[in-house]
Amino acid sequence: MSDYASDTLNDLTPEPTGARRVVVLISGNGSNLQALIDEQTHDRLGGEIVAVISNVADAYGLQRARDAGIDAVVLPHGEYDSREAYDGALIKVIERHEPDLVVLAGFMRILSSRFVQRFHGRMLNIHPSLLPAYRGLNTHAKALADGVAEHGCSVHFVTEELDGGPVAIQAVVNVSGDETETSLKEKVHTREHLIYPIAVKWFLEGRLRLVGETAVLDGTPLPPHGLRLSHADAAEELDEDHDDA
Ligand SMILES: Nc1nc2c(c(=O)[nH]1)N[C@@H](CN(C=O)c1ccc(C(=O)N[C@@H](CCC(=O)O)C(=O)O)cc1)CN2
Ligand SMILES: NCC(=O)N[C@@H]1O[C@H](COP(=O)([O-])[O-])[C@@H](O)[C@H]1O
């Protein structure tokens, strides 16, 4: 086990140049997209969301994009014969926008190896659990059924292994004795809306990178659970940026 405290990897990733461009993939409500839009609106995202793409035609996140003047594109997966065919079309739509970063924000499709390789190292996902616990779907119900005392959310680099990519940031929430799936989902959502903009900003600033199979922040490899940010720390991180305005 390497010593995360002292290791510093020789990071060969070139520094980002020019205005950093973000494409966001969604399938539903888009509250995480809205959190990113809000940071962009205050010039604090570190780049520009240039397109929002949904596989679901009536995803409310598309309206959020339109309201923000962002190109909103629907690419229905049901119109393609296979996952590979869909992903091929999705790659073409994304590449037209020349992104530096692809952000999955409630995008509910498992991506093919071809797609993941195309954007390897520059694709993030927000997952509603403390990975590696509860990969996949229905995470809140599973956590409640197991009676865990802590739950949360993770921002991770996307790899071929579903929800198995290196974790960048996590937020932990306490699960109360009378917690419901709805109350737990709300707790987690609140923290998602803090840690995702932070992770996106850090990537666009060149601070957060995927080096090999390790998430690296400011040249230092992160532990398997990433950087654990408390609610106060995350809010301060965003507020500090606000103070810089
Ligand atoms: N290759 C990868 N693809 C995706 C990853 C990943 O890490 N590697 N992250 C997911 C996001 N996700 C959880 O965070 C997730 C999304 C979708 C599914 C899933 O089972 N999808 C089904 C359809 C479900 C539905 O339509 O309701 C499917 O694609 O057949 C699991 C986890 C994004 N993709
Ligand atoms: N496995 C993927 C997954 O479950 N992602 C989850 O979907 C929700 C999307 O909410 P939003 O559309 O309001 O951002 C978020 O809670 C995100 O963690």
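Residue positions begin at 1 at the first shown residue.
Note: Cβ is positioned from N, Cα and C throughout, glycine not excepted.
Model, not experiment: these values are computed from the prediction.
As recorded in TrEMBL, the features of this protein are as follows:
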- GLY30, SER31, ASN32: N(1)-(5-phospho-beta-D-ribosyl)glycinamide binding site (BINDING)
- ARG83, MET108, ARG109, ILE110, LEU111, ASN125: (6R)-10-formyltetrahydrofolate binding site (BINDING)
- HIS127: active site, proton donor (ACT_SITE)
- ASP163: site 'Raises pKa of active site His' (SITE)
According to DSSP, does HIS127 (active site, proton donor) fall in a helix, a strand, or coil?
strand
Ligand 1 is in the model; which of the recorded positions SER31, ASN32, HIS127 have a C-beta less than 6 angstroms from one of its atoms?
HIS127
Near ligand 2, which of the recorded positions show up if the criterion is a Cβ under 6 Å from one of its atoms? Options: GLY30, ARG83, ARG109, ILE110, LEU111, ASP163.
GLY30
How big is the Cα-to-Cα gap, in Å, between GLY30 (N(1)-(5-phospho-beta-D-ribosyl)glycinamide binding site) and MET108 ((6R)-10-formyltetrahydrofolate binding site)?
12
List, in sequence order, those recorded positions among ASN32, ARG83, MET108, ASN125, HIS127 whose Cα sits within 10 Å of the Cα of ASP163 (site 'Raises pKa of active site His').
ASN125, HIS127
Are there any residues at least 6 positions away along the chain from ASN125 ((6R)-10-formyltetrahydrofolate binding site) with a Cβ closer than 8 Å to its Cβ? List them or say none.
LEU104, PHE107, VAL155, HIS156, PHE157, VAL158, ASP163, GLY165
For ASP163 (site 'Raises pKa of active site His'): DSSP state (helix, strand, coil):
coil
Compute all pairwise C-alpha distances among ARG83, MET108, ARG109, ILE110, LEU111, ASN125, the residues listed as binding (6R)-10-formyltetrahydrofolate, and give the largest one in whole angstrom.
19
If you skip the near sequence neighbours and keep only those at least six away, which residues in the chain come within under 8 angstroms of SER31 (N(1)-(5-phospho-beta-D-ribosyl)glycinamide binding site), Cβ to Cβ?
GLY106, HIS189, GLU192, HIS193
Relative to the mean position of the Cβ atoms of GLY30, SER31, ASN32, the recorded N(1)-(5-phospho-beta-D-ribosyl)glycinamide site, which additional same-chain residues have Cβ within 8 Å?
ILE26, GLY28, ASN29, LEU33, GLN34, ALA35, GLY61, ARG64, ALA105, GLY106, HIS193
Cβ-Cβ neighbours of ASP163 (site 'Raises pKa of active site His') (radius 10 Å):
21
Take the Cβ of ARG109 ((6R)-10-formyltetrahydrofolate binding site) and count every other Cβ within 10 Å, whichever protein chain it belongs to.
16
